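Reading through the structure tokens given below for one structure.
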Amino acid sequence: MRHGDISSSPDTVGVAVVNYKMPRLHTKEQVLENCRNIAKVIGGVKQGLPGLDLIIFPEYSTHGIMYDKQEMFDTAVSIPGEETAILAEACKKNKVWGVFSLTGEKHEQAKKNPYNTLILVNDKGEIVQKYRKILPWCPIECWYPGDKTYVVDGPKGLKVSLIICDDGNYPEIWRDCAMRGAELIVRCQGYMYPAKEQQIAIVKAMAWANQCYVAVANATGFDGVYSYFGHSSIIGFDGHTLGECGEEENGIQYAQLSVQQIRDARKYDQSQNQLFKLLHRGYSGVFASGDGDKGVAECPFEFYKTWVNDPKKAQENVEKFTRPSVGVAACPVGDLPTK
């Protein structure tokens, strides 16, 4: 893991995160023009950082937030489509991979709300991963939720997963990506004040807990409704920050992520190898007791057992100590039911 140079090497993936200014758009034509601006940014960053292999833009950076529901439907995209063609061509032209936000992606059933989607485009201009946000930021966001994570071979073989904004507040999604083999988890977010300190802290903790690189791209600026705090960052698999932007609009951070180092750590680290130890619980004591050398593999957590085997029951259980309705009468949001 290296930070401070503009290069990369056969073993290191050059990753840049962009503090992109949150746009405020209303039409498809404006979205397409913004796509062309993102393409220009890619070209400029590649010129300045010749080692760049992967560039990452925040959630909502392509469309902005459509606060008008009709505009949200009118600007929703198909994948592939005109918008992705512009972004893919920029990746191909500059020989870089890119992560881009599409808010939203048309639902398969026309009347249902769109998805909040990320795409990973390779340096040939091909879409190699499409991820739909599993945990939309309720009660404000009205995206239809996705239902799974993905892992693909990224630049130089580094294994990459994508997650979006509020997803990252749930340890389960990080662990799911890591346990599927992800070595770099990309979190694109359009996170606003007041939760700045919490969001800076959680990505470091999740990198440490899952022994993985984390790259965060967050929006900056004010869109007339929310103020976005930026702080796009790149975190090492040991939880240390390699590079972090401030609140500046269109700031960029860059680091080189070693493929060999993370694989070496996952193979040879012992006391802090959380991924291995979770599925080999207590192996030292089990071995000393003459019960084999693999530890205990079974899941000890009652909540997860219930969730998998009886999701409705798990939902009822959490409602007992939270609330039974999605809405809150003391602070209603939209037309969400409060009873």
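Every residue, even glycine, has its Cβ placed from backbone N, Cα and C.
As recorded in Swiss-Prot, the features of this protein are as follows:
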DOMAIN    13-259  domain 'CN hydrolase'
ACT_SITE  E59  active site, proton acceptor
ACT_SITE  K133  active site, proton donor
ACT_SITE  C165  active site, nucleophile
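You'll find the Cα of the residue listed as 'active site, proton acceptor' roughly 10 Å from the Cα of K133 (active site, proton donor).
For the recorded site, K133 (active site, proton donor), the DSSP three-state label reads coil.
Taking only the Cα positions, the spacing between K133 (active site, proton donor) and C165 (active site, nucleophile) is 8 angstrom. Within the same chain, the residues at least 6 positions away from the residue listed as 'active site, nucleophile' whose Cβ sits under 8 Å from its Cβ are E59, K133, W137, R187, C188, Q189, G190, Y191, listed in sequence order. Across all of the domain 'CN hydrolase' (13-259), the predicted model scores a mean pLDDT of 98.
DSSP classifies E59 (active site, proton acceptor) as coil under the three-state reduction. Other C-beta atoms found within 10 angstroms of the C-beta of K133 (active site, proton donor) number 27, with every protein chain shown included. Note on the residue listed as 'active site, proton acceptor': other Cβ atoms within 10 Å of its Cβ, all shown chains, come to 30.
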